[in-house]
Structure formats: structure tokens, C-alpha cells
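Q: This is the structure I want to talk about, given as C-alpha cells.
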Amino acid sequence: MEFIYQFVWIVPFFPFIASILIGVNLLFFPKSTKSLREIWAIFSILLLSIAMIFSFNILWQQINDNIIYRYLWSWIFDNKIDFKIGFLIDPLTSIMLVLITTVGVLVMIYSDSYMSYDQGYVRFFAYLSLFTASMLGLVLSPNLIQIYIFWELVGMCSYLLIGFWFTRPSAANACQKAFVTNRIGDFGLLLGILGFYWITGSFEFEILFKRFNDLVINHEVNLYFANFCALLLFLGPIAKSAQFPLHIWLPDAMEGPTPISALIHAATMVAAGIFLVARWFPLFQLLPFVMTIISWVGAITAFLGATIALAQTDLKKGLAYSTMSQLGYMMLALGIGSYQAGLFHLITHAYSKALLFLGSGSVIHSVESIVGYSPNKCQNMAFMGGLRKYMPITGITFLLGTFSLCGIPPFACFWSKDEIITDSWLYSSTLGSISLVTAGLTAFYMFRIYFLTFEGDLRVNLNKVAFTYPVSIWGELNLNKKNSNKNKFVLNKYDIFFETDQNENQTDNLSFFSDIKKLKYPKESDNKMLFPLLVLTLPTLFIGFLGAPFPEGQIGSDLLSQWLYPVFKSAEEITSGNWLEFGLNAINSLSVVFSGIFIAFILYGPFSLFPQNLEKNIEFSLEKNLNSFFSFIYNWSYFRGYIDVYYNIVFVKGTRLLAQSLSFFDEWIIDGFVNGFGILTFFEGESIKYLEGGRISFYLFGLIFGMIILLFIGFFGAMF
């Protein structure tokens, strides 16, 4: 057992070696490396697969032994400081290792086909391996400094992968936005780390938690300062896990390749923030004020993400806001003390969301052959519809992922989400109401995405490249009405417009894709892309039973609580009780969920007649109110809750205005004064030089005249 633990460094080391070898060969031998790109891809998949096998072995040892293992060695030490590096293995670490490696391997297999036509194929696998290695190093870290190092590596990799197609202006802007937004959180994280080192004198988790616990119990620490430092620590997860108000980078991250979207939203970047809050849970639980802030940030994020996702037209951005909402659920659970439910939802959501994103990638990959390679076309659900007939495996797996994310039993997310909703009600009726309403919204927008994408008729061939035609919110093309709306902030009733890319021609006519013929109808993806989808359906169906409330245990009614007990044994968790109580509480949430599905079916379903008969079935005043209501919802969703608009006006334009004002002040006031003084001196010298004639008598006259003037001034000055 100990032998296995001593070699756990292999888990992050293997994908790290893969990224280094690919990067070095790509730098010094680019032609030969690109010619052997399939071999390098297999090499990356093989090394990460070995890491996955080790991860499963470690998880099995943790299930059997249920102990915490640390391996440390001194890196920097003197009389005053002894900084150690190493790794920490506990149930939380083992679960995260399996989660990261399994999703990572499936994403790599998927990427082999998805990125096959891309010139950056080899570079993509180098970034992918480094991204996975960074996240694995993060979850194995035993101290704050080591976590911060890998935390920054994760951020760097996300920057590289979001901006992978850096020649596309939108991708370049998106990676910069993600980088700058996360810098805010990382700065707070660094200050929080330094603050707790000042309080406890240690970076090691075990020592830090014990010392801080003793300081709080003995009232030997300033709680105001401790709360402030804890909030600074929490600022890091707020940014990394896209929590309000630093969530704005997440939808823009969809500019990266779809496999990376699956990895970011399932097992790496956004999961890092949740993992950190879980790792620091023994610290945060001693500070009730911070726990309250965490819970409310999570609740606001969950509800906000769900409302913004309601009318998204971009397939990937709709799923991105879904991720934001589900991360809010996890943060809410951790904030109310239900750590098991939060981590449980992290696991179930990861596999379900990976399935959904890879399914969306399969759709995009197929639709690209019809509409071209512009994201505003191939990701726009207004061009889709009826894809289940052409892509049955993708459609079925996407539907299973939708069932899970909506919380329909017996799929995975049902068990975790319902537990969070129930625990929220036990903690606060307000938080419980928010989580319950969010569940209904989730069911609505997820089935809206499914119906617009896979049901009905294929709409792209009806459009005839008339991108100015709107499509109603119900998902039907309207070829009789032109877009006459010119207001930047108000969209016309409930219309979804085809947005064209200003670089559309360059995107669609890339010479690299010139040999690919456009098809009239989409077709199912190849086996390399379908295999990960089929594999991910298994955890989507069955992993929820890991935390199902079966026989009562000592500290919880499920296996997951028992595995996590050594990590959180000091926590007083809110629990929803036994199987019967859980089932009774699930009735309310399921009723809300099925209501959301029913509304989505009426508005977007394949047999929907409500929109066509709207004017016949309801009174004019009600129709007008409904139009205003739907218009508000769509405007709110389209403009992302106006938060991006606010940030753009206050921070972006405000900063530019300040910079322009400072530039004007520097150029015309500071430089003007200095340059003006120099010019004045120059003209003064030029004027005086003509008084010099070379005659001594003239100089004596000037000297005597000057003395007389000075005496005159001195005499009259003394009198007055």
C-alpha cells in the first residue's frame, strides 16, 4: 500500500513529460513532429492512461484503508523557514485524480478526430497534456505555496487553450479576458495565503488548520482580519470557478476548441475553485461570516447563470452558462456546510457536462460541413433542428446528459442536486427557494437546447444564406420578416437573430479546408468521437448511486460520506436524512423540474402549436404582456444580464477614459510646462544676446543704472 503511495508522483509527471517532449520536438523539429502527429497523440493518450490506472489504484487503496498519507521533503530551509514540497493523498485527492484522468483520457481520444484537420493538432495535445498535469499537481499539493504554483499553471494553460485559434480576433480577446479576470482572483488568493501564513506561521494544511483552530478557540486571533484573509482566499475560487461577479470570462472561453471546453467545464479549471474551497473547508467552517458569503455567492451565481442561459442561441454558450449555474450549486452546498453534497455534485456534474460538451462538439463538427466554419453559424441553434434523425447516437447520448443535468432519476445529477436543494431548505428557506427555482430553470433551458438542436426539422437548408432573417424564440424560421431593429440594447420582441462574423469570409474560405466539400445534410460522427460519448453515458447513468442515501452509516447515509470522513471528520454537516425523507423532499424538486420540461416542450417541442396560434388563443392584452415578458427575458439573456455592459462602461471604458485623461495631462500640462519653460528660456536668451555690443562704456552704464534701480527699490521699500 505504502509502495503505491510513494509513486503517486507518476500521476502528474507522465502527462507533464508528454507535454514537454511534444513541445521540445515541435520547437526544434517541427516538420518531423507534425508528420508523426498521430504517434505523438497516441503517446499522450498512453501516458495519461497510465496515470489513470495509477489513480484508480490509489482510489481503491483509499476505499479499503481510508487513511491520509503525506510525503514531504525539504526544498528551502534555514533557521527561520523550512518550506517543503511533496504530495498529499486522502479520499478527496483520490476522487479528484480519477475524475481528472478519466475525463482527460476521453477528451484526448475525442480530440484525435475532432482536431484532425487542424494545423495545430500537435500543439493542441501538448497544451492538453500540460493542462491535465497542472490540475493533477494541484489536487496533490500539500501546502498553499505548491497549490498556488499549480493554480497559476492551470490559468496559463487555460489562456493558451482558449486562445488556441489566436488568429481569430474573438479568440484572442476571449483568452485575454479570461486571463485578466482570473488575475483579480489570483491576486486576492496570494494576499490571503500570505495573510494566513502571518496568522499561523505555516503553509502546510495540517499545521495551518490545527493552529488556526486553536487560535480561534482560545480567542487569540483577530476575527476581522481572519475573515478578511479568508475572503481574499475565496476570491481565487470565485474567479476560477466563474462565480458572480467574476464569471464574465466563462462564456467567452467557448472560443477555444470544443474538447477543451469539455475539459475546462468538467474536470480542470472550473473544478479547481470548488476543490480549493473543499480543501480549505476546515478553515472556512471556523468563520461563519465567510461561510454565509460563500453560500450566497453560490446561490446568486446559480440563479444568474440559469436566467442568462434561458435564451442563448449559441449551443456552447448555453452549456457554459449551465456550468456557471451548476458551479453555483456546488458553492452553495459548501457554504451551508453540506460538503458531501457539494463534492458529490462536482463528480456527477463533471461526467454529465463532459458528455454534453462532447456531444455539442459532435454536432458542431457535423454542422460545419453544411454551414461553414464560422462559430456564428456552426454553433447557432437557429441553423439546427432535427439532428437526431441524422445523428442518432449523438442525439441519444445528449438526451441522457440532459436528463442527468436536469435532475431526473435515476441519472447521476438527480442524487446530488436534490441533496443540495434539500440541505438548502434545512439551512435557509430563502436559499432553498432559490435553488428550487433554479432547478426548474435548468430543466427549461436544457430541454430548450435539446429541442432546438435535435428535434423538429433541419432549418439550415430553409435559410438560403439569408442571415438577416430572424427566427422566433420558438425555434422556427420566419422568412417573411426582416430585421428592422437598430437599437443596440433592445431586441425586437422574441426574435433570435443570425449574427454574422465580420471575419466570416476569412473563416469559411481557409485554404486548409478547401478540400472539404460542403454537405446538404449532417452525418453522424466517426467512432473516435462516439466512443467517449458512449463511455461517458455509464457514469452519467450509474455514478449517482455512489452518494445515494442507502443504509445508514456512522456519519452519513451514503458511501461517499464514509470515504470523505477522514478529511472532514471535524465538520458538522447538514444532512437531509434517510432514504424516505430524501424521497419525500425530492417530490417538490421533481415537480418543478417536470414543469420546466413541460413549458420547454410546449414552446420548443417538435409538436408545438402554441406559437402559431398565439394570437388566436389569448387576448390581445395578454399577448402584449407576454411579448414584453419574453422580450425582457431574451434581452436579459442576450446581453448577459447587462453585467458585461456595465463592466465595459465602468471598467473598460472608464479605464480608457482615465488613461486618455492622464495622457492629455502628461502631454499638455506636465510636458507643456517643461517644454514651455525651455522655449521661454530660449527666446529670453535670444532677446538678451542682442544687447551685447562689445563696448565697455555700455557695460558700465548698465551696471550703474542697475545699481541705481536697486537702491531706489530698497529705499522706497523701507519707507512702506
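Heads up, the Cβ atoms here are built off N, Cα and C, so glycines get one too.
Pulled from Swiss-Prot, these are the listed features:
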{"type": "TRANSMEM", "residues": "39-59", "note": "transmembrane segment"}
{"type": "TRANSMEM", "residues": "87-107", "note": "transmembrane segment"}
{"type": "TRANSMEM", "residues": "125-145", "note": "transmembrane segment"}
{"type": "TRANSMEM", "residues": "189-209", "note": "transmembrane segment"}
{"type": "TRANSMEM", "residues": "258-278", "note": "transmembrane segment"}
{"type": "TRANSMEM", "residues": "286-306", "note": "transmembrane segment"}
{"type": "TRANSMEM", "residues": "354-374", "note": "transmembrane segment"}
{"type": "TRANSMEM", "residues": "395-415", "note": "transmembrane segment"}
{"type": "TRANSMEM", "residues": "434-454", "note": "transmembrane segment"}
{"type": "TRANSMEM", "residues": "530-550", "note": "transmembrane segment"}
{"type": "TRANSMEM", "residues": "590-610", "note": "transmembrane segment"}
{"type": "TRANSMEM", "residues": "700-720", "note": "transmembrane segment"}
Q: So what's near the transmembrane segment (286-306) in sequence-distant terms, Cβ-Cβ under 8 Å and 6+ beyond its ends?
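A: Tertiary neighbours of the transmembrane segment (286-306) are 212-213, 216, 223, 226-227, 230-231, 234, 238, 242-244, 247, 277, 321-337, 424, 427-428, 431, 434-435, 437-438, 441-442, 445, 641.
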Q: Report, as numbers and ranges, every residue of the chain located at least six residues beyond the transmembrane segment (39-59) whose Cβ falls under 8 Å of a Cβ in that stretch; write 'none' if there are none.
A: 4-5, 7-8, 10-12, 14-15, 17-19, 21-22, 25, 33, 89, 93-95, 97-98, 100-102, 104-105, 108-109, 111-112, 121-122, 125, 128-129, 132, 136
Q: By Cβ distance under 8 Å, which residues at least 6 away from the ends of the transmembrane segment (258-278) in the same chain are close to it?
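A: Tertiary neighbours of the transmembrane segment (258-278) are 92, 96, 99-100, 102-104, 107, 110-111, 114-115, 128, 131-132, 134-135, 138-139, 147, 151, 154-155, 158, 161-162, 164, 234, 236-243, 250, 284, 294, 316, 319-320, 323, 327, 330-331, 334, 339, 342-343, 346, 349-351, 353-354, 357-358, 360-361, 364-365.
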Q: Could you tell me whether the transmembrane segment (590-610) and the transmembrane segment (395-415) are in contact, taking contact to mean 3+ Cβ pairs under 8 Å with a sequence separation of 6 or more?
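A: By the criterion, they touch.
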